[in-house]
């Protein structure tokens, strides 16, 4: 089977122009099939503030109302996605930007919850992924770049967690490729000591994850990444890592950076 | 040769929710290969006003400065493009949204002018069009939907006239398809009497165009459409029409709406 790298980057990197540039240069150098999935960063929040659009919160959870959906569609699928594509093109990487609506690549369902209406939030699973078209696009020598916007094929766009999109695409494509899923962020992986960036665990399994979590040793932002990482690994993705975005090239070449997810 | 319909819609239609819906239903019904190119509408202007971003004008001509580029990238390539794609998907049309940066589909050059710096405005010609990838995408059964954002393959995005994009794509693809280019707008075509929407000319050639223009009988908004229409026709596009967006289906079925461009 052909190798496929699926790489997720987050908002902190997107907000840091210099670090982003260095990352994209590294990403462009990866040989073979690859997919980039990006989060949002502070741009959407800043724009919402400028436009005086208030965040709706219910029971401490963020709701994507109509106005917020418009903002994230503009910022994620427009400004960030197209700038990433243009920058990658300048590095000779034949990037092509998508939302989940494009070519019906990711078809979500509005989040169902017994008491909270999350608004325009879409949930996805392996069946949401149009793997056939993704494979066709990759076979054309293109590098898909996904924003975290999906749709329901009934004309509605949705906000979907970018970590979940990365994990779910990896899961769906792991039947057709030898798939490596890399969650990139600004830490060296899962840290034993949250204060020491060199204390990254080489590997982590479900039990160790549960222990660290119950001991309160994990910082909040890493939880959705780890959750999606374990789901992907348990559903057939060959290799899953949490790595520092600065060490992408080293990871691709030597494979010993960050924290590897184990069964 | 296979038939290809290339259809351009403008801002007035995009701003009219009900008319847009009716148009997209008609567009979805067109059989065979097709491409949609869309303009911007008032959304970008409204957003710029809300954000207090001033339009820069030099010698009465609009300049696309950095802030304006950010706005149009968000609005055209994000909000409008993704909403059009999601709506078309709901009508069973397998739409896929692009800017010119995606897959290097349209590579522009920054506009050169002896005295005015237009900012982030990109000019294109037939060589700018990545016809090979467009054909591959159409062969996958997909329907490309283009926003009027291009790039220079050096990391910069540009604002490019949507009529020009439509005409230039048609020109580039007319070697591979029996191409019909339709500029849709809110008039019945080129009107002999600007006050009478039923006075549309059945055909128009360069000489008639020049005469009407010099007599001041054409409204301003139609000039770039007619210019791009004649360039396309003179460069090999089989059929070129200016039609009323409400009459798309009738035009596709009977072919006798609007004004046909003649050599």
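Heads up, the Cβ atoms here are built off N, Cα and C, so glycines get one too.
Worth saying up front: this structure is predicted, and the values here are computed from it rather than measured.
Together with A:40, A:41, A:62, the substrate site in TrEMBL holds one more listed residue from A:159, A:188, A:198, A:200, which is A:159.
For the recorded positions given as A:8, A:62, A:225, the lowest number of other CB atoms within 10 Å of the residue's CB is seen at A:62. The two recorded residues, residue A:40 (substrate binding site) and residue A:8 (site 'Transition state stabilizer'), show a Cα separation of 11 Å. In sequence order, A:11, A:39, A:44, A:45, A:72, A:76, A:148 are the same-chain residues whose CB sits within 8 A of the CB centroid of A:40, A:41, A:62, A:159, the residues recorded for substrate being left out. Within 10 Å of the C-beta atom of residue A:40 (substrate binding site) sit 21 other C-beta atoms, taking all shown protein chains into account.
Annotation for residue A:159 (substrate binding site): same-chain Cβ neighbours under 8 Å, separated by at least 6 residues, are A:64, A:68, A:69, A:72, A:120, A:121, A:122, A:148, A:149. Sequence-distant contacts (6 or more apart, same chain, Cβ under 8 Å) of residue A:41 (substrate binding site) comprise A:10, A:11, A:12, A:13, A:14, A:15, A:80. Across the residues the record lists as binding substrate (A:40, A:41, A:62, A:159), the two Cα atoms farthest apart are 15 Å from each other.
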